[in-house]
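Contents: one structure, followed by commentary.
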Ligand SMILES: Nc1ncnc2c1ncn2[C@@H]1O[C@H](COP(=O)(O)OP(=O)(O)OP(=O)(O)O)[C@@H](O)[C@H]1O
């Protein structure tokens with residue numbers, strides 16, 4: 001029977017200890033039984049994956065050594081550029097990845113030689129170019145695996161032979177692995193590939209003989225070694241002893257024969273003696289513990305001014321800024337397409353965004369860079385990794401930016417578009433002058449983030465051999481193994497670029513933020529107060545060409561099955577001030593918005609100044625856009641443009657309609673004076689009260705000299721104490737003979753200023769009479785409504 005009591009404390013600790021022992025013992029055992037090998041399994045035939053198992057010479061060799069030492073080889077697949085970081089960090093004990101031996105590498109790690117190899121030259125099968133030696137490569141582009149031994153030799157020959165013989169330099173393009181270097185050759189990004197002899201055989205077989213070896217002899221023999229940490233004396237002793245054993249038993253010879261490789265010859269061993277830890281007989285030379293060097297400050301400082309880093313930084317900056325700007329603009333078009341009413345456009349943009357957000361940039365980069373293989377003409381542009389990288393970045397980033405723009409565009413209130421439309425401004429101008437500047441301010445912080453992302457993403461472009469900052473770093477540390485020093489330089493360059501570009505955009509963001517802007521120095525406006533009344537009223541239109549300003553005939557409007565306007569007929573004479581009153585939901589706003597096309601009618605015609613203006617469901621025509629400016633509109637929520645000053649709010653429409661600049665500025669100032677806002681001409685809307693904003697909105701509606709102004713509940717959004725300042729401006733306009741149609745809930749005002757009052761209910765005009773007649777009407781429903789309003 002089990003006890004329900006808790007375990008005594010002592011027993012509990014014992015239990016934990018037992019658990020630890022159970023788990024730790026096998027781990028501790030595992031460490032001694034396992035030979036941990038760092039290896040890059042993308043380098044066939046030396047090391048590759050087959051059926052998920054490491055295969056090739058290096059895995060076979062390490063398995064052989066491990067079994068001789070009664071251990072199991074455990075492979076840790078790591079790309080070549082990071083393989084020494086793993087060794088130094090203790091993730092494995094030895095690197096067996098066809099590493100060539102050289103002086104600078106030997107300063108960081110100890111090498112135990114175990115193989116020799118050499119290079120060959122590969123070209124496309126159909127090419128007539130037959131290079132035999134490196135000297136035949138002058139003026140050619142050569143692809144190579146990153147950090148390969150021969151790169152230094154090629155660069156040396158380019159300097160000492162090609163340049164001195166005026167034959168043109170050899171351009172080496174480095175790729176992460178041999179398959180990518182071959183793809184570049186097939187895509188005509190390079191003319192020739194320099195490859196390890198054993199690797200080249202394998203590549204040719206895999207690519208169905210699309211490439212051929214042209215060099216007859218193995219070029220540039222190199223010594224290959226196992227790399228171990230300098231202070232790891234026991235692993236050095238173990239490995240040297242095991243290699244000796246497998247050579248003596250003949251197992252080593254059997255293995256190298258299978259791969260057509262060889263143990264390093266004596267002369268190669270002799271010439272590399274100072275870089276390896278075994279002598280010519282394969283015995284360990286020095287058993288002292290040598291600690292690896294600390295941070296190499298001298299090298300670090302020298303690399304800070306390395307011209308290759310400076311050049312790569314310029315490439316990264318240029319590429320990032322161009323990619324960001326193009327993706328920003330393209331993304332904006334995509335966002336607009338996505339918001340369009342056209343379903344084809346919507347589906348196309350949605351699919352684009354879905355596809356390019358899902359595709360990894362790396363895959364996209366390789367697709368684009370390889371395109372010339374299938375479409376030769378594209379090689380003119382795409383063989384240059386800068387352009388291929390730029391196109392891939394733009395395609396991918398524009399998909400992300402489209403979503404940022406979509407969010408920002410959605411955040412702009414619809415009233416801004418309506419205010420633009422009411423001023424007769426067409427679609428593109430509304431977008432560019434009103435919507436984009438406001439949306440850009442909202443989108444800028446996330447867009448800045450994207451720029452930082454792009455700067456960092458450029459490091460991926462090394463797969464297509466673009467010499468960017470990380471690639472320069474990798475080229476350096478795969479040769480000298482000074483990983484931390486080099487990466488610190490890389491980090492400094494990236495941080496500097498990101499800091500610079502974000503600072504620039506931050507300045508732009510501050511520039512766009514009108515709340516942080518100081519008011520422009522006001523001009524001398526005092527002279528304006530001396531304008532005569534005639535000059536002030538002459539600004540208002542008195543262009544009476546027809547009997548009626550506005551004629552509405554048989555207007556009908558439905559929302560779904562609900563009819564909200566029922567056969568509306570109304571004629572407005574010049575100078576009429578008509579107030580539209582009625583209970584909530586009676587259709588007042590719908591009526592006034594359909595007069596200037598903001599709400600589409602289902603049936604009926606509207607004539608403006610005697611000429612047809614809107615006809616039923618027909619789309620607005622050219623005549624509509626020419627005449628819409630004769631209809632001013634004042635909205636309930638003012639709808640001023642927040643990114644423009646008061647004066648610029650007034651000048652937007654005259655500028656768009658190409659009116660005389662000086663004259664419209666003068667009219668704008670006179671109108672501001674008229675509505676009592678002249679002292680605020682250079683303020684932004686957020687610096688004004690609601691009443692002041694509405695007075696500016698009235699001046700803005702007047703600046704195009706409309707024949708009639710429509711007011712949609714102009715005081716409903718105002719605090720009670722601000723209502724009167726707006727109403728007195730409207731009353732003044734009424735007194736000056738301005739024709740106005742006013743939807744209002746301010747009954748006493750309506751009765752005071754109007755010559756006619758229209759009472760609407762359920763979408764119908766029930767009464768259309770003088771204020772006196774309305775007041776005296778015997779209609780109970782009307783009287784009930786008026787009584788309610790008075791309360
Ligand atoms: N976009 C829309 N979709 C569907 N129905 C709408 C839409 N706009 C208005 N309506 C309906 O049309 C009718 C008339 O609305 P409208 O806004 O013109 O009334 P109103 O008299 O101006 O009311 P209020 O005085 O409250 O502003 C209402 O029943 C309203 O619910």
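Placement of Cβ uses the backbone N, Cα and C atoms for every residue, glycine included.
Fair warning: this is a prediction, and the values are worked out from it, not measured in the lab.
Residues or ranges marked as domain 'ABC transmembrane type-1' by TrEMBL: 313-505.
As annotated by TrEMBL, domain 'ABC transporter' applies to 550-787.
The annotation transmembrane segment is assigned in TrEMBL to 321-340 (among others).
Residues annotated as transmembrane segment in TrEMBL: 352-371 (among others).
Annotation comment: TrEMBL describes 451-471 (among others) as transmembrane segment.
Under the heading transmembrane segment, TrEMBL lists 483-505 (among others). Long-range neighbours of the transmembrane segment (483-505) within the same chain, counting only residues 6 or more positions beyond its ends whose Cβ lies under 8 Å from a Cβ of the stretch, are 84-85, 88, 295-296, 299-300, 303-304, 306, 309, 312-313, 316-317, 320-321, 444, 447-448, 451-452, 455-456, 469-470, 472-473, 476-477.
Here the transmembrane segment (352-371) has Cβ contacts under 8 Å with residues 180, 183-184, 186-187, 189, 334, 338, 378, 382, 385, 388-389, 391-393, 395-396, 398-400, 402-403, 457, 460-461, 463-464 of the same chain, all six or more residues outside its ends.
Tertiary proximity for the transmembrane segment (451-471) is limited to same-chain residues at least six positions away from its ends with a CB under 8 Å from its CB atoms, namely 143, 146, 173-176, 180, 184, 189, 308-309, 311-313, 315-317, 319-321, 323-324, 327, 361-362, 365-366, 369, 385-386, 388-389, 393, 397, 490, 493-494, 497-498, 501-502, 505. Across all of the domain 'ABC transporter' (550-787), the predicted model scores a mean pLDDT of 89.
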